[in-house]
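Student: Sharing a structure below in C-alpha cells format, with a few things to ask.
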Ligand code: NAI
C-alpha cells in the first residue's frame, strides 16, 4: 500500500468543504490507489467545531477504504503538520456594510497566520491551493508569509472560471466540452478576469474560427463567465459550492498527476512573462508533469487581450498595495 498523502483542508465545515472532503476521501483527487489523511481546520467557535465533528462522523460512516486517518482542529499548526497538500478554503465572507478594503484586510490576517503556520510545519514541497476569496491576493499573502517555502508552491484557484468558460464555449459551438483544448483564463478570480479562447481548438480545428463572433465574445461570453458567480448566488441563494469543490479537485489532480500536455488555468506567482510583474498571482495557462506546473510561454497578445489583461492586473496590483503594510 502507498504511503498516505496528508491533505489539509481549511473551512472544512463550510459549504465547499462539504462537497470536497468526501470526494478527496473516495480517491477522486489523487487516484483510487492513493490513501489520504484528512487534516481539517475550522474556526475555534463552538458552532464551527461541532459542525466539523459532524462532518467527521459522516466521513467515518462512509467507510472509505482510502481514508487512512483524520484530524479535526482549530490550530493551523496541527492542520498543516507535514501536509503534502493544503486546500485553503476557509475565509472571511463579506459582511453587511463591509467594504472590499475591509474584506481584504480581514482575510490578510487569516492568510498571514496560515502562511506562517505552513512555513513552520508543512512539508517543504507542500502544494497549496487557495480557494477562499479574494483567492489570488490571499495566495500572495500566504506565499509572502512563508519565506522558507518555494514561492511556486502557492497557487490560487482559477479552475472554476476555466471550467465555466469551457461549458459556455461548448454550448455556443455545439461541441463536446471534453473536445475543447487550449482554453485560458488570465488574471484575477474576479469579474475582471479575461477568459480567452483565441488559441482554443476542438478536434484540432480553431474554435475561434468556428464561433467567428467577436461581438458575442466581447458582450456575452466574457461578461457571462466573469459574472457567473453572482448569477449562481442569484439563482441558488448561496454561492457556488459543488462546482467550486469540483474545480479544486481538478486543480490538484492535474498538478499532482499531470495533464498529459493539455493546458489548464492556474493562478501562479508570475515569472515576469506576459508583462505581469514577478510574484503577482495571476491566472495563466500551464501544463503539468511530474508534480510540477510549467507556464505555456510565447503566446501572442493582441491589443484587445492586452487591455483586458492589464485591467485585471491593475486590480491585483491595487489589492497587493492594500495589504503591503502587513507583509513587511
Ligand atoms: P462557507 O462560509 O460555507 O464556509 C467557510 C468555512 O470556513 C466556514 O465553516 C468558516 O467557519 C470557516 N473559516 C472561516 N475562517 C476560517 C479560518 N481562519 N480558519 C479555518 N476555517 C475558517 O463558505 P464556502 O461557500 O465554503 O466558501 C469558502 C470560500 O471560497 C469563500 O471565501 C468563497 O468566496 C470562496 N470561493 C472561491 C471560489 C473560487 O473560484 N476561487 C469559488 C467559490 C467560492
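Just so you know, glycine gets a Cβ as well, placed from its N, Cα and C.
I grabbed these lines from TrEMBL:
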type     : residues                                            : note
DOMAIN   : 5-154                                               : domain 'Lactate/malate dehydrogenase N-terminal'
BINDING  : 11, 12, 13, 14, 15, 16, 17, 107, 114, 131, 132, 133 : NAD(+) binding site
BINDING  : 94, 100, 133, 164                                   : substrate binding site
DOMAIN   : 159-320                                             : domain 'Lactate/malate dehydrogenase C-terminal'
ACT_SITE : 189                                                 : active site, proton acceptor
Student: For ligand 1, pick out the binding-site residues 15, 114, 164 that have a CB under 6 angstroms away from one of its atoms.
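Tutor: So the answer is 15.
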Student: What does DSSP give as the helix, strand and coil breakdown of the domain 'Lactate/malate dehydrogenase N-terminal' (5-154)?
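Tutor: Summed by class, the stretch gives 66 helix, 28 strand, 56 coil.
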Student: Other than its own, how many Cβ atoms are within 10 Å of the Cβ belonging to residue 164 (substrate binding site)?
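Tutor: A 10 Å sphere around the Cβ of residue 164 (substrate binding site) contains 22 other Cβ atoms.
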Student: Just to be sure I understand the packing, how many Cβ atoms besides its own are within 10 Å of the Cβ of residue 114 (NAD(+) binding site)?
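Tutor: Taking every protein chain into account, the count is 28.
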Student: Nearest to residue 11 (NAD(+) binding site) by Cα, among 94, 100, 133, 164, 189 (recorded positions)?
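Tutor: When the Cα distances are compared, 133 comes out closest.
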Student: Over all shown protein chains, what is the count of other CB atoms within 10 A of the CB belonging to residue 189 (active site, proton acceptor)?
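Tutor: There are 29 such Cβ atoms around residue 189 (active site, proton acceptor).
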Student: What is the total of other Cβ atoms whose distance to the Cβ of residue 13 (NAD(+) binding site) is within 10 Å?
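Tutor: Its Cβ has 25 other Cβ atoms within 10 Å.
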Student: Measure from the Cβ of residue 11 (NAD(+) binding site) and count the other Cβ atoms within 10 Å, all protein chains considered.
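Tutor: Residue 11 (NAD(+) binding site) is surrounded by 23 other Cβ atoms within 10 Å.
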Student: State the count of C-beta atoms found within 10 angstroms of the C-beta of residue 94 (substrate binding site), not counting that atom itself.
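Tutor: Taking all protein chains shown, residue 94 (substrate binding site) has 14 Cβ neighbours within 10 Å.
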Student: Measuring Cα to Cα, how far is the residue listed as 'active site, proton acceptor' from residue 114 (NAD(+) binding site) in Å?
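Tutor: Cα of the residue listed as 'active site, proton acceptor' to Cα of residue 114 (NAD(+) binding site) measures 20 Å after rounding.
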Student: What does DSSP say about residue 164 (substrate binding site): helix, strand or coil?
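Tutor: Where residue 164 (substrate binding site) sits, the three-state DSSP reduction gives helix.
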Student: By CA distance, which of the binding-site residues (15, 17, 114, 132) lies nearest to residue 100 (substrate binding site)?
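Tutor: Closest candidate to residue 100 (substrate binding site), judged by Cα separation, is 132.
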Student: Three-state secondary structure of residue 189 (active site, proton acceptor) from DSSP?
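Tutor: In three-state terms, residue 189 (active site, proton acceptor) counts as coil.
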